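This report refers to the structure that appears directly beneath it.
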Amino acid sequence: MNPNQKIITIGSICMTIGIISLILQIGNIISIWVSHSIQTGSQNHTGICNQRIITYENSTWVNQTYVNINNTNVVAGKDTTSVTLAGNSSLCPIRGWAIYSKDNSIRIGSKGDVFVIREPFISCSHLECRTFFLTQGALLNDKHSNGTVKDRSPYRALMSCPIGEAPSPYNSRFESVAWSASACHDGMGWLTIGISGPDDGAVAVLKYNGIITETIKSWRKRILRTQESECVCVNGSCFTIMTDGPSNGPASYRIFKIEKGKITKSIELDAPNSHYEECSCYPDTGTVMCVCRDNWHGSNRPWVSFNQNLDYQIGYICSGVFGDNPRPKDGKGSCDPVTVDGADGVKGFSYRYGNGVWIGRTKSNSSRKGFEMIWDPNGWTDTDSNFLVKQDVVAMTDWSGYSGSFVQHPELTGLDCMRPCFWVELIRGRPREKTTIWTSGSSISFCGVNSDTANWSWPDGAELPFTIDK
């Protein structure tokens, strides 16, 4: 075969291959078009994109959500329209508390990537509830978890994750650099308050939908601090309480009214014989009720209620069923501070129903162990220790910690009332469990229902020490 024939032969072969490839590509395009037509049915077909497929590969789980997008509409499973959370409803009538969530974060963290945290709390928008928490910039079972018993450090941050999930780097959202914090949703956006900085010059940074909108400088230079639970939004305005001053004597307490992250009004409480820290607040028929911690001299809890103009009233829960820790045995209460075992304290909450009160408290009088809910039908105004209902939540033998209130608005639940809920922190590690090098916690939450509930114990349940502790 001469050179010209070779060239012609090679060219013919290349052309034949090219034609075959073109035919295959055309066939592939036709196949995809037919498949798409069958899948969508018609151009106007819509469907909810909610199919979730889980595959497993080499012991690593992959969560794949397949979304079919056609030429016209994608229908979401939930209406994301902004609303204004009115906060005008009264609290729902309840008979007890139903378990709502448990994240088991310490148990999961023995083997998985879970943040070292404390001060978790829950807050809900009209679409979802989220767990907020203060990380220590470290993971469980890692060397940086050493020494995390410390409250205030530059590594702490407010983050959030979906309620009931263990807080990890893979499901958590950064909110603010903070060692004291609060957050709430007004129906249009999240307000976050994060306090960080030195003890004598800390600054609260306010963010609205993630953007810095305002700052508040420590006015007493004595550890500016806030609620460690949700703030309260009513008719587009959000309210929070901050404390600055001694933890064992009279301090300064201010209420702030905030709209879209900007402070519109603030007042200082005239309460020389009261002590307000780490307030747990909730809306009730358009007003705000806060039940707080007296770390100075009260074993019963102080309260402050105020309207949207910040006109306020103050007092102490009168019941002889005392709510703080440490505390004396139940007995004769007072509408002023009960000073027996009144020093120190723990964050907690109560819900007022007329003259009655649901009191959440540790089961132990002297340590942060166990948790129970008690209904005292006259406890807001009367000083006896009689109660009608006691519901066990955490056994006396298991660790608890901080607790606080949160509510679910009618815009979320579809009810015509405000559903009361609460969370309990389950602290593990130091200072009580000295076999560890770290301090962290998991959390449980409950919501009020007007139906049957269970008495049981929902403890943290992690077996300590971890590998890093040995």
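The backbone N, Cα and C atoms fix where each Cβ goes, glycine too.
Keep in mind that this is a model prediction, so the values were computed, not measured.
Swiss-Prot lists Tyr402 with the feature active site, nucleophile, giving sequence analysis as the kind of evidence. In three-state terms derived from DSSP, Tyr402 (active site, nucleophile) belongs to neither a helical nor a strand segment and is classed as coil. Annotation for Tyr402 (active site, nucleophile): spatial neighbours Glu119, Glu228, Glu278, Val346, Lys347, Gly348, Val424, Glu425, Ile427, criterion Cβ-Cβ under 8 Å with sequence separation of six or more.
Per Swiss-Prot, substrate binding site is recorded for Arg118, Arg152, Glu277, Glu278, Arg293, Arg368, and the stated evidence type is sequence analysis. On its own chain, Arg368 (substrate binding site) has Asn325, Val346, Thr362, Trp399, Ser400, Gly401, Ile427, Arg432 as residues at least 6 apart in sequence with a Cβ closer than 8 Å to its own Cβ.
Residues or ranges marked as disulfide bond by Swiss-Prot: Cys92-Cys417 (among others). Within its own chain, Cys92 (disulfide bond) has Leu415, Cys417, Met418, Arg419, Pro420, Gly448, Asn450 as residues 6 or more apart in sequence whose C-beta sits under 8 angstroms from its own.
In the three-state DSSP assignment, the secondary structure recorded for Cys124 (disulfide bond) is strand. Long-range neighbours of Cys124 (disulfide bond) (same chain, six or more residues apart, CB within less than 8 Å of its CB): Arg130, His185, Phe406, Val407, Gln408, His409, Leu412. What Swiss-Prot lists as disulfide bond is Cys124-Cys129 (among others), and the listing cites sequence analysis.
According to DSSP, Cys184 (disulfide bond) sits within a strand segment. If you look up Swiss-Prot, you'll see Cys184-Cys231 (among others) marked as disulfide bond, on the strength of sequence analysis.
Positions annotated as disulfide bond by Swiss-Prot: Cys233-Cys238 (among others). Within 10 Å of the C-beta atom of Cys233 (disulfide bond) sit 26 other C-beta atoms, taking all shown protein chains into account. According to its DSSP assignment, Cys233 (disulfide bond) is in a strand.
Cβ neighbour count for Cys292 (disulfide bond) (all protein chains, 10 Å cutoff from its Cβ): 30. Residues annotated as disulfide bond in Swiss-Prot, with sequence analysis given as evidence: Cys279-Cys292 (among others).
Taking the Cβ of Cys281 (disulfide bond) as reference, residues of its chain lying under 8 Å away and at least six apart in sequence are, in sequence order, Gln227, Ser229, Glu230, Cys231, Val232, Phe239, Thr240, Ile241, Val288, Met289, Cys290, Val291, Ser405. The annotation disulfide bond is assigned in Swiss-Prot to Cys281-Cys290 (among others) on the grounds of sequence analysis.
Around Cys335 (disulfide bond), the same-chain residues at least 6 positions away in sequence with a Cβ under 8 Å from its Cβ are Gly315, Tyr316, Cys318, Thr381, Thr383. For the recorded site, Cys335 (disulfide bond), the DSSP three-state label reads coil. Swiss-Prot lists Cys318-Cys335 (among others) with the feature disulfide bond, giving sequence analysis as the kind of evidence.
Cβ contacts within 10 Å of Cys447 (disulfide bond), excluding its own Cβ and spanning all protein chains shown: 20. Residues or ranges marked as disulfide bond in Swiss-Prot: Cys421-Cys447 (among others).
For the topological domain 'Intravirion' (1-6), the model gives a mean pLDDT of 59. The feature topological domain 'Intravirion' is assigned by Swiss-Prot to 1-6, with sequence analysis given as support.
Residues or ranges marked as topological domain 'Virion surface' by Swiss-Prot on the basis of sequence analysis: 28-470.
According to Swiss-Prot, the transmembrane segment annotation covers 7-27.
According to its DSSP assignment, Cys279 (disulfide bond) is in a strand. For Arg152 (substrate binding site), the same-chain residues 6+ apart in sequence whose C-beta sits under 8 angstroms from its C-beta are Trp179, Ser180, Asp199, Ile223. In this structure, the disulfide-bonded residues Cys184, Cys290, Cys318 were compared by how many other Cβ atoms lie within 10 Å of their Cβ, and the smallest count belongs to Cys318.
If you check the recorded positions Cys129, Glu277, Cys421, Cys447 against Cys292 (disulfide bond), the ones with a Cα inside 10 Å of its Cα are Glu277.
For the recorded positions Arg118, Cys238, Glu277, Cys279, Arg293, a Cα-Cα cutoff of 10 angstroms around Cys184 (disulfide bond) retains Cys238. Counted over every protein chain shown, other Cβ atoms within 10 Å are most numerous around Arg293 among the binding-site residues Arg118, Arg293. The maximum pairwise C-alpha distance among Arg118, Arg152, Glu277, Glu278, Arg293, Arg368, the residues recorded as binding substrate, is 21 Å.
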